[in-house]
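As given in TrEMBL:
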{"type": "TRANSMEM", "residues": "6-23", "note": "transmembrane segment"}
{"type": "TRANSMEM", "residues": "43-66", "note": "transmembrane segment"}
{"type": "TRANSMEM", "residues": "119-146", "note": "transmembrane segment"}
{"type": "TRANSMEM", "residues": "152-169", "note": "transmembrane segment"}
{"type": "TRANSMEM", "residues": "176-199", "note": "transmembrane segment"}
{"type": "TRANSMEM", "residues": "233-251", "note": "transmembrane segment"}
{"type": "TRANSMEM", "residues": "272-297", "note": "transmembrane segment"}
{"type": "TRANSMEM", "residues": "326-346", "note": "transmembrane segment"}
{"type": "TRANSMEM", "residues": "379-397", "note": "transmembrane segment"}
{"type": "TRANSMEM", "residues": "409-428", "note": "transmembrane segment"}
{"type": "TRANSMEM", "residues": "435-456", "note": "transmembrane segment"}
{"type": "TRANSMEM", "residues": "462-481", "note": "transmembrane segment"}
Amino acid sequence: MTATQIMLLIAAYFVVLILISYFTGKEDSNEAFFKANKSAPWYLVAFGMIGASLSGVTFISVPGMIEGQQFAYMQGVLGFFVGYLFILFVLLPIYYKLNVTSIYQYLEQRFGVISYKTGAFFFLLSRVTGASFRLFLVALAMQYIVFENIGVPFWATVVISILLIWVYTNRGGIKTIVWTDTLQTLAMLTSVSVAVFLITDKLDWTYIDFLSSPEFSAKGKIFFFDDANATTYFWKYFIGGIFIAIAMTGLDQDMMQKNLTCKTPTEAKKNMFTMATLLIFVNFLFLSLGALLFIYADKFGLQVPVVDGRVRTDLLFPEIAMNQNLGAALSVTFIIGLIAAAYSSADSALTSLTTSFSVDFLNIEKLPTEAQKPLRKKVHIGVSILLIIVVIIFNSLEGNVVSNLFKFATFTYGPLLGLFAFGILTNYQIKDKYVWLVGLASILITFGLTSLPASVIGHYKFHWEILPINGLITFLGLILIRRK
């Protein structure tokens, strides 16, 4: 595909999103922006959340995991399912009972204002960094594929990307996101399905032939119990997956805001169970694609891309989709799938950040009605500008600095996990004014722990289990500041 064709494709895609926002955002109220008037169809929320659970990074990276880990990722996916059940039976009833707009309002009612602000701040920090990081990676890809060839600077690519998101989320907010996420999930799944079909066809297989082939047997191992030090070890993936689902979905305003748009707790539970079940099959499909990519590369002598001396398995999918003459259908659906994966997480992040800052820090719900909508619109613009600035800053940093910043931000979910666990599992009250210190100490200890040389910790490799460890450190810290 030429740069012009790709730009026209992107433009057409965003025209569709803007049309959806026109019809869903006519009301332009805070109730619609924050909660979709609690009238979103649960099945749309469930389907759309599949796309929101993935991202541009997942879309590219999960297929690339096959070379080093085979299907070990599925161990974590099974853990996700258990974590989603915890959200379904424990967290959703709490949120609906309290009728919260921001889920961190629970912390205020349970512990106090400082705990509330601390939880909301950690969410803002992690989501600003995480959303910016994902946008940064996708903007780099789009810059490389399209905009660099026509002389558009990187900063302009970033501004255009976030401006387009602002345009279609400005009025409808989460009410619009429910519908656009449905479209974007469909685009992602279509892209992966087309790739699987065309590659299996090129290999003279059906999908069933592929699953029963010796090549799949060599790359499709799921369960790993032999080496507890390895990152692929079952219990690391499975237990880590449980807590990742609880923390990064159940304790994340971005993800839970969609659940809270359902009419009733029962519909929200249907949504969560449906999404959790479908994600098992979706992730298996992504990993199947990964196996097919490497089988294709082996059969046709294709080298895995190398960038700056590093083998980049995560670039094998775009390499085959764009440069292997498998047909325009694959190139077109790959570009649309990549855009959908990136923006399905970025648009909801922009909306949830606007919601959290407006509700948790500006107390927008306590202001006169006539003052609420203008303030929300200003915050929405401010958050958009902040994301632009952070993405551009990322581009000016060394790669390892950016990765460490993102790693540090993900550790903020540990204090959230510890805070909510302490609130749900105990009856203790705490000295509220010290909560932020406990959270900060937990992050620093965890960051230090993962930065230790391998020789110091017996060549143990931390993986997803670092999240519950982080949460446990916070939990123990809260015990120390409990009221006697």
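For all residues, glycine too, the Cβ spot is worked out from N, Cα and C.
Keep in mind that TrEMBL annotations are predicted by a computer and have not been checked by a curator.
Under 8 Å from some Cβ of the transmembrane segment (435-456) lie the Cβ atoms of residues 111-112, 114-115, 117-118, 121-122, 407-408, 411-412, 414-415, 418-419, 462, 466, 469-470, 473-474, 477-478, 480-481, all in the same chain and six or more residues away from its ends. Highlighted: of the candidate stretches 43-66, 152-169, 176-199, 326-346, 43-66 has the greatest count of Cβ pairs under 8 Å to the transmembrane segment (272-297).
Proximity of distant same-chain residues to the transmembrane segment (379-397), defined by a Cβ-Cβ separation under 8 Å and at least 6 residues beyond the stretch ends, is recorded for 128-129, 131-133, 135-136, 139-140, 154-155, 158-159, 162-163, 165-166, 169-170, 346, 350, 353-354, 357-358, 362, 405.
The transmembrane segment (152-169) shares the most Cβ pairs under 8 Å with 6-23, out of the stretches 6-23, 43-66, 233-251, 326-346.
Away from its own ends, the transmembrane segment (43-66) comes close to residues 72-73, 134, 137-138, 141, 177-182, 184-186, 188-189, 191, 219, 249, 254-255, 258-259, 261-262, 270-272, 274-275, 278-279, 282-283, 286-287, 289-291, 293-294, 312-318, 337-338, 340-342, 344-345, 348 of its chain (Cβ-Cβ under 8 Å, at least six residues beyond either end). Against the transmembrane segment (462-481), the recorded stretches 6-23, 176-199, 233-251, 409-428 differ in Cβ pairs under 8 Å, and the greatest number is found for 409-428. Relative to the transmembrane segment (326-346), the listed stretch 176-199 leads the set 119-146, 176-199, 233-251, 409-428 in CB pairs under 8 A.
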